[in-house]
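Engineer: Following this message is one structure expressed as structure tokens.
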Amino acid sequence: MTATLALTEDLIRRRSVTPADEGCQAILETRLKALGFDCEALVSGPDDFRVTNLWAVRRGTQGKDGKLLVFAGHTDVVPTGPLEQWHSDPFAPTHRDGKLYGRGAADMKTSIAGFVVAVEEFVKAHPAHAGSIAFLITSDEEGPAHDGTIKVVEALSARGERLDYCVIGEPTSVDTLGDMVKNGRRGSLSGKLTVKGIQCHIAYPHLGRNPIHEAAPALAELAAEVWDQGNEYFPPTSWQMSNIHGGTGATNVIPGHVTIDFNFRFSTASTPEGLKARVHAILDRHQLEYALDWTLGGEPFLTPRGELSDALSSAIEAETGVKTELSTTGGTSDGRFIAKICPQVIEFGPPNASIHKIDEHVEVRFIEPLKNVYRGVLERLVA
């Protein structure tokens, strides 16, 4: 068994459902301290949702004047779902048909193990490496993410720590290892819209005001609106409704209000402020009586082609023969926080088809090549 596979299995055995870490970071800290890393635990969150974060750094011979390459990842995993639907215990790493099964196998314990072992090999080969290496690990990525990476970023920013490159171990590949990496992500802006009416008997509509009827034309206009055209890196901004709630449950009552949940996934071609203003303008034009609460989940970030993307693309092709695709598709990630203090952020990991699903898995044949790609990035950027 390879060192990467052994560490992956050890991490999968830990029932680290958000925000629990269940000792994963202690395992990493032990191995990193043995390599000369300075390790710092940053614990945050309320008593009923304590989040464990790890910042570990090994300075190169150039010290703080040299480049700093960070690996960012999360030890937490999503809940298993119905255990009876799994073909094996999700926290007992199981091999079947050339695949390693377990919760977190793809998202993202294999990536964490791969980068740790890559660093172990790299430091052995280059004990006097020039650039610096760091790990930023959290147990709150799959949850609300209020006390995870964002807290570490705030602490690093406050002390003036400069990050030059960041590789996030998210599972970005699609059909085969290395066919896609993420060099950016769209922003997320959510709204909870409550349109007010007047409740009354459904047989006497003239005595009330139906908020569903009043909201419908405005919602249709919002759904049809072209928010932007996107750009060379991002598709056009998308506006989608996720929930509509109105009524008392009775079939003979016009409701007093209706609540609509919606979400923007927006590109760098739009801003949160601009999108908000346009939504309010449409609602006001329809003369609705409404309240609207906004939540900014994250702003878009983009890493143009440069040193990090070139190093990663080159390492992928050297190891796998695959020419990777730079993409900004998909949901949000902790990259939205890290990009505030790091100019080059790229996500790369194993195929993602099984993430968050029953029988999550990673193909064993991809585990060592993943580690080798990570080592290739280290060789190219901080040796």
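The backbone N, Cα and C atoms fix where each Cβ goes, glycine too.
The following feature annotations were taken from Swiss-Prot:
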BINDING   HIS74, ASP107, GLU170  Zn(2+) 1 binding site
ACT_SITE  ASP76  active site
BINDING   ASP107, GLU142, HIS356  Zn(2+) 2 binding site
ACT_SITE  GLU141  active site, proton acceptor
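Provide an account of the burial state, proximal residues and distances for the features listed.
Structural biologist: Long-range neighbours of ASP107 (Zn(2+) 1 binding site) (same chain, six or more residues apart, CB within less than 8 Å of its CB): VAL77, VAL78, GLU170, PRO171, GLY349, ASN352, ILE355, HIS356, GLU360.
Under a cutoff of 8 A between CB atoms, and with a sequence separation of 6+ in the same chain, the neighbours of ASP76 (active site) are SER16, VAL17, THR18, PRO19, ALA20, ASP21, THR138, SER139, ASP140, GLU141, GLU142, GLY143.
When Cβ atoms from all protein chains are considered, those within 10 Å of GLU141 (active site, proton acceptor) total 27, not counting its own.
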Engineer: Taking the centroid of the Cβ atoms of ASP107, GLU142, HIS356 (Zn(2+) 2 site), which other same-chain residues have Cβ within 8 Å of it?
Structural biologist: VAL77, VAL78, GLY104, MET108, ILE355
Engineer: Using a 10 Å radius around each Cβ and all protein chains in view, which of these binding-site residues has the most neighbours: GLU142, GLU170?
Structural biologist: GLU170
Engineer: Find, among the binding-site residues listed as HIS74, HIS356, the one whose Cβ has the highest number of other Cβ atoms within 10 Å in the structure shown.
Structural biologist: HIS74
